[in-house]
Amino acid sequence: MASFKRDLYLFLAVFLSISGVWSFSELFFIKEPHDVTAMRRDAVVLDCQAHGEAPIGIRWLKNGVTITESERVYSLSNGSLLISEVESRKDKSDEGFYQCLAQNKYGSILSQRARLTIASLSTFTQQPASIIVMEGSVARFTCKITATPPPIITWEFNRVTLPLATERITVLPSGVLQIQGVEQRDAGSYRCVAANIVSRRRSTEATLTVTPAMSPRAPQRPRIIAGPQNLTVPAHSTALLECMASGNPRPLISWSRADHKSIDVHKTKVLGNGNLIISDVNPQHAGIYFCRATTPGTRNYTIAAANITVLAPPSLVEWPESVTRPRAGTARFVCTAEGFPTPQITWLKNGEPVRSNGRIKMYNSKLVINQIIPEDDGIYQCEAENIQGSVLAMARLIVVMSDNRPSAPRNIRADTVSSSAIVLAWDRPAYNSEKVIAYSVHYMKAEGLNNEEYQIVIGNDTTRYIIDDLEAGRNYTFYIVAYMPMGASRMSDHVIQHTLEDVPLRAPELSLTSRSPSDIQVSWQPLSHKLSRGRVSAYRLSYRTSSDGTLTQLELSAHKTHQLLEGLQPDTTYLLRIAAATAVGWGEPSAWSSHRTPKASSTKVPLAPELQLESLNCTTVTLRWHLPAGSSSGLQGFKLSYHEEGQSEAAQAQIPPHHRQHTIGGLDPRKKYHIKLLAFSFMGDGYQADQTISTPGCVSVRDRLVPPPPPPHHVYAHSNSSSSVFLHWARPAFTSAQTLNYTVRCNPVGLQNASLVLYLQTAAQSLLVTDLEPNTNYEFAVRLHVDLLSSPWSPVVYQTTLPEAPSRAPVGVKVTLIEGDSALVSWKAPDDRSAAAVTHYTVLYATRRAWAAGDWQMLQREGSITMALLENLQPGQVYLVQVSASNQMGDGPFSAAVELTIHTDGHAHRTHGFSHATVFSDGFYHLDQRSMAGIAVGVCIALTCIIICILILACRSKTRKSCTTKSIRQAGGQTPPTAVRLANESAAESVEVMMPMMRDHFIDAKGGTNLIINSYGPVKPNIEKKRRKRWSFFKKNEKEVKKVSSPAYSYHPGTTLLCYTETSPENPPTTLQGLFGPSGGDSEGSHSSEGSHETSDSGRYSHDDTEATNVSIRSRPASLQDDGNQTPVHEKQLETTLQEQEMTDLHPV
């Protein structure tokens, strides 16, 4: 019973479809419009009557656009178009092509085209000209005019109409007047008259003058005065070939064909004396005709030739037939036409042009519709058209739909897997899903026109599929259809998804020329989307000389296609290459291209030709070029050379100067060739144009049928160590080959040097990549090789190698003594890019004796902290301090030991309050403001104490002031050690120098002014008035202070020196070092040693040349610097001398 019902349904479906075709066959045209020529203001009717199932609607189109009806132009009840008054103006004309469109419920059909032409008669384009001929010779007049319809031309002699043909006179339809055997009575005035339905026009008059003939006439060889002209004529029209010859005796005219075929005598006749007329021309009459003028009785002749081209309107040889197809089926229509020129085939659906897309394809004369949907139902027409007209044929496509068909697959999803793969997933149809026997996956590029649609059929056991043969960086459209025995479902919803970008497949081809001896013009063509594999984001142009390895690189924006390199060396060979990048990274650079700059003396030779290369096929390249303006003078030719990349350059071939094109054959497929072309003149060889081109592969059947394999899937990277990464991947699905090889690409992210890209080969599905840089982010990609085919690169994966333990110690280690038993250690992070961030620092410190015994104390600080406080230090000891950095990978090396001397209690007592010593690991001493930031509070307290002391000292007796000042001046005119400033402040910032501990008489307030303050107040040479206002509280001693200013002080701008004297020193200095600090020479120190010996100063000076100069100034008075071998002066005596000198300066006699 079920089988019977199924057969009944099929019978009804076929019957209904057949009846539908029969109903459709009733829609056709009874009358169609035809070409018409009308005069202005005439009424015109264009016929159009259609027959078919009612109701039938008719609408008109002019030049493909629907006509808007008006009182002047409107449709009649029978469908014809009436133009009551034809107009012909520049802004508004009724001329054009007209078609009518008939429509009923089955669809629409379009009529043939009809041309409406407005009759006209223009002025003459060629007037007859006066001539002088010899009696007995021939005469010929001609006139030409443009008119619609073609005019009838007659001639008048002395304003009397001539007969169209006599024994001696012939009037040709083309407007030519021929006179044979001219006589004296033929002399006179001639003019032509052209007339058609519009009007009549007369040409200007031309005079024929006849001269007497010589007696007897000398023999003359035959000469063709007016030979035949090439003709292009429509079929079924008349063709006229003129042939007029002169000679003595009168020549005989004969005709023949070049193909030796006989001339059709039934439709051919001779008009006048040798003019050939062919009536009712058809394609068989086309060909080359020879006119031969022969002297009678001799073999003397002359020949003229002309070609006749016959235009034939289109005619159908094979026309489409109506078909009935189920949903998701395929329909094919065939339409073949002939004519000349070859007709162009256009397909229409319901009167509208068919748009080619993924489902609908047009192959020459065929229309193929895949995956038919209900909307494809309609009337299809094939229109064959050329300049002679058009012809149409029609057929209907009926789409049959089954009631038991499944619904469309639901919830289609697309996810990008890689630059060439997208995975599709969907849900089964909601209706009749159990009857689904298969699915078809359809996809095509979303951008552009005429994209190919691809179809893949899979079983019903899955709702997921990976498409892995896509182009990188492209948008694709996907949809899915479900199939069951009775038919197919509707299409699913369309989804658009894009593939990932990849690095460019190759670099652009370079074109190199020079405009002068010191530049190179580099140009290139943008990469195609298939080669760029995404949007190009930048170019990198590299160049160098052939003899120098120094490489210059230029980063260029993506929109640039040329770059001028200037400032180059003349007569030098340069190597250039280019690389392109997408958002993913840089592709492989091109091979080096060489170009030699012209010699400096080559300024008058021809400039480089502008060269264009094109691959005709896999073994042939065509060169086209042209010279810049002004470079053709004196040109003697061109020189061409080419060679395959990596091969030696071949000999030059010379090309004639008038050639601008050359073909190179016999090349190898898939090879890169370097081509060089230059022009040469008598001045020498010109500038050279260099270009590279890659020949394509020869297309074979195998290339067309076998797609490239998919790339490996699931690439995974794992860091094994600081120099190795382990890679593994999965074999791509649907790859049945047994022998597979893989290429692994590895390079650092943001690579600047393409030579660092690693390419590793393996047959396994895993690889350990070694010899990598620590703590560096790398990118990896894998491609598959099978059967001489290569897959695209897999998606790029990123992995960072593990970092190393710090390989360098902290730098800038310094120790600052802030109290008698406390010191501040500070440092800077090590400069080690291969190591991870520092997690903590370790500070080791101990006395010399404990250090030697391995008994040291340790402090640890977090990686963000770069200072530590050492407390409970023992007085009178020398401490050694070292710092190291550590991270999660391990501990780094320790810095060089820094020595710090802790003073005894008595010494500390003499220091009075704040005193600091800064020690550097590199042996230099420096007052670093950043290190003082950590003890800002202490500094503020110290400054407050100093200000209080100054105010107290300002009130002391003048006797003590005089004594102090005098003692200083007698010391050789030098400022105390702490008053000497470094040569420049930048040196003080970079070369850190420890200042000796302050004595009781000298306090460095590190002010930003040039004041010198002793116990009596501020002292400044040539002090400015506005500066004195800031020290107004010292006005009572201002006069005496001015007297203190003396050359005895070594004055340095930007330094404030505070000088004071103790009221009653309990512990006077016992040595010279106690007053002036350590000696500048320090014979026991070395550049590499750090810290100081057990002395009252807190460190050792460097023996650096610049620093030694400053230190010697600080350490000794001028009286001791004159001679290094003088006997040391006792400190007590020196102090007394200085005090006496100071008293003398303050109280002059």
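Residue positions begin at 1 at the first shown residue.
Cβ coordinates come from backbone N, Cα and C, glycine included.
Going by Swiss-Prot, these are the annotated features:
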SIGNAL    1-23  signal peptide
CARBOHYD  Asn78  N-linked glycosylation site
CARBOHYD  Asn230  N-linked glycosylation site
CARBOHYD  Asn300  N-linked glycosylation site
CARBOHYD  Asn307  N-linked glycosylation site
CARBOHYD  Asn460  N-linked glycosylation site
CARBOHYD  Asn475  N-linked glycosylation site
DOMAIN    504-600  domain 'Fibronectin type-III 2'
CARBOHYD  Asn617  N-linked glycosylation site
CARBOHYD  Asn720  N-linked glycosylation site
CARBOHYD  Asn741  N-linked glycosylation site
CARBOHYD  Asn753  N-linked glycosylation site
COMPBIAS  1061-1073  compositional bias 'Polar residues'
Rounded Cα-Cα span from Asn230 (N-linked glycosylation site) to Asn78 (N-linked glycosylation site), Å: 46
Inter-residue C-alpha distance, Asn300 (N-linked glycosylation site) and Asn460 (N-linked glycosylation site) (nearest angstrom): 88
Spatial neighbour of Asn307 (N-linked glycosylation site) that is closest, considering only the glycosylation sites Asn230, Asn617, Asn741 and their CA atoms: Asn230
Densest Cβ neighbourhood among Asn230, Asn307, Asn475 (glycosylation sites), 10 Å radius: Asn307
Packing count at Asn741 (N-linked glycosylation site) (other Cβ atoms within 10 Å of its Cβ): 13
Pairwise CA distance, Asn617 (N-linked glycosylation site) versus Asn475 (N-linked glycosylation site), rounded so that it is a whole Å: 30
Spatial neighbour of Asn475 (N-linked glycosylation site) that is closest, considering only the glycosylation sites Asn230, Asn720, Asn741 and their CA atoms: Asn741
Counts by DSSP class (helix H/G/I, strand E/B, coil) across the domain 'Fibronectin type-III 2' (504-600): 4 helix, 41 strand, 52 coil
Alpha-carbon spacing, Asn741 (N-linked glycosylation site) to Asn230 (N-linked glycosylation site), which is rounded to whole Å: 66
CB contacts for Asn617 (N-linked glycosylation site) [other CB atoms within 10 A, all chains]: 13
Overall pLDDT of the domain 'Fibronectin type-III 2' (504-600), taken as the mean: 88
Distance [Cα-Cα, Å, rounded] between Asn230 (N-linked glycosylation site) and Asn460 (N-linked glycosylation site): 68
Cβ packing number for Asn460 (N-linked glycosylation site), 10 Å threshold: 16
Asn460 (N-linked glycosylation site) to Asn720 (N-linked glycosylation site) - Cα separation in whole Å: 44
